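K.L.:
The feature domain 'CobQ/CobB/MinD/ParA nucleotide binding' is assigned by TrEMBL to B:5-218. Under the heading ATP binding site, TrEMBL lists B:11, B:12, B:13, B:14, B:15, B:16, B:17, B:18.
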Ligand SMILES: Nc1ncnc2c1ncn2[C@@H]1O[C@H](COP(=O)(O)OP(=O)(O)OP(=O)(O)O)[C@@H](O)[C@H]1O
Ligand SMILES: [Mg+2]
């Protein structure tokens, strides 16, 4: 069993696809801007993936951590989520990753300073037990939630608000174990992972995967894929059928050609030494030689 | 066991209410005990399409508030007494009911009726959550437009996450001539993205609008129409009959008619 940090969500505003002038079919690069002039508005921002941005299920040894993001109403921060959104994410996580934990794993629920009422807690417990998972511990910084959880018969640890709830273990490593997802990502679904992502299924238009490492799609990639989102331009995007809305590697961006090719082959997208995103047939692909660069 | 089917789409105006009214009526014609539930609180339409507006006295909200019994709120159809409508409140918003309350209502109905069709509002917010809460099956309505298909895809994802696993697709307002000219997505194009079972294809048909205005679903009409037949076929498929899909290609003329056309053009 691997330990990983990942999240699946359904964001309300999908990232806007930037457009560029048309290019020859095999070169999907933007008009290149040299690295020293970071002016081009088409270059995507590098993305950090904070620990508690979305609902996350994280196997850790023989237990499973279920980490909830902060509440939209309490945190003034825009990354807060309403209960409804949290619930959707939670269910999606469960259905996409069903095979990733042993039955009867104990679940440790980390709610931070989100308030949970009895019904919400019960809903989570019911859903987990449908999958033979048992809610055991509730970690909260709110007295109210601690009382609710204790009354419902769970072990409770009340932490001070300042304690980093989402980090029960040591600090997250710079890159985590690959995340394997077996589902078709439908419109509105987003996966963010601080490592490599493997999708067994399609990325439909309107979905996106944002990964600090590589992105491998055993299926059709028609949504948005952002590999090396923390800045590693050696990352790759591989797909059986690459017809993306947009692909990004580190801070490079490219979109599919206007006219789709008649046939698709497994392909690899990479950043060439000329610093543009290029696409090669998987069978022809050789990793470019990189001079040492950050 | 009652079949509880939500008619939903994501995008607005693609024909959910039209579909609910026609399927409900067509099932009633087949002597099924059917109740159609309007879950579009605040923007109710289903009573209009069924021509039952003037008979609405109570709504789901009064039932939940204990101001009337469920039975009193049900409007029985005047043409088929095995068809009933549970109206939505017009003066309330989507937040007026909760998913749990919706489940209560629907489960009570499920004890009496064979089919419960729930007309879902557009969007994916509270109204959608309410409408799908009790559903066991879903009919996704989409038009062959990229935005409608995108929203349908999103909704399918949400349904799957909410354990509504039996999902079928209804493509509405196909214009065969446009498809043939490559100006409209084809059935195959839509299916390729959504990858769920196809339940039916309804052509774009002016008669739908006429029937809407009359409060008389097309499937009741004496004069057959393409859309009406297509809705009838959908119901037969729902009931498990294998019905071939209608040929909607623009008259792929036989030799004879082609000759006739060429000759008449000469004339
Ligand atoms: N097959 C069709 N051919 C022609 N017009 C149609 C067809 N289906 C629906 N319409 C028309 O499209 C309009 C919208 O239909 P309807 O109200 O059923 O959509 P809806 O999805 O319920 O909308 P809302 O999201 O607002 O609830 C109506 O005017 C209806 O008459
Ligand atoms: Mg409607």
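Positions of Cβ are set from backbone N, Cα and C atoms, glycine also.
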K.L.:
I need the neighbours of the ATP site defined by B:11, B:12, B:13, B:14, B:15, B:16, B:17, B:18. Which other residues of that chain put their C-beta within 8 angstroms of the C-beta centroid, in sequence order?
P.N.:
B:9, B:19, B:122, B:141, B:172
K.L.:
List those of the binding-site residues B:11, B:15, B:17 whose Cβ lies under 6 Å from any atom of ligand 1, in sequence order, or write none if there are none.
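P.N.:
Near ligand 1, sequence order: B:15, B:17.
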K.L.:
Quick one, of the binding-site residues B:11, B:14, B:16, B:18, which Cβ has the fewest other Cβ within 10 Å?
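P.N.:
Selected from the binding-site residues B:11, B:14, B:16, B:18 on minimum Cβ neighbours within 10 Å: B:11.
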K.L.:
Which binding-site residues from the list B:12, B:14, B:16, B:17 come close to ligand 2, meaning a Cβ under 6 Å from one of its atoms?
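P.N.:
Once distances to ligand 2 are taken from each Cβ, B:16, B:17 fall under 6 Å.
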K.L.:
Go through B:12, B:15, the listed binding-site residues, and name the one with the sparsest Cβ surroundings, counting other Cβ atoms within 10 Å.
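P.N.:
The binding-site residues B:12, B:15 were compared, and B:12 has the fewest Cβ atoms within 10 Å.
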K.L.:
These are the binding-site residues: B:13, B:17. Which one scores highest on other Cβ atoms within 10 Å?
P.N.:
B:17
K.L.:
Can you tell me whether DSSP puts residue B:18 (ATP binding site) in helix, strand or coil?
P.N.:
helix
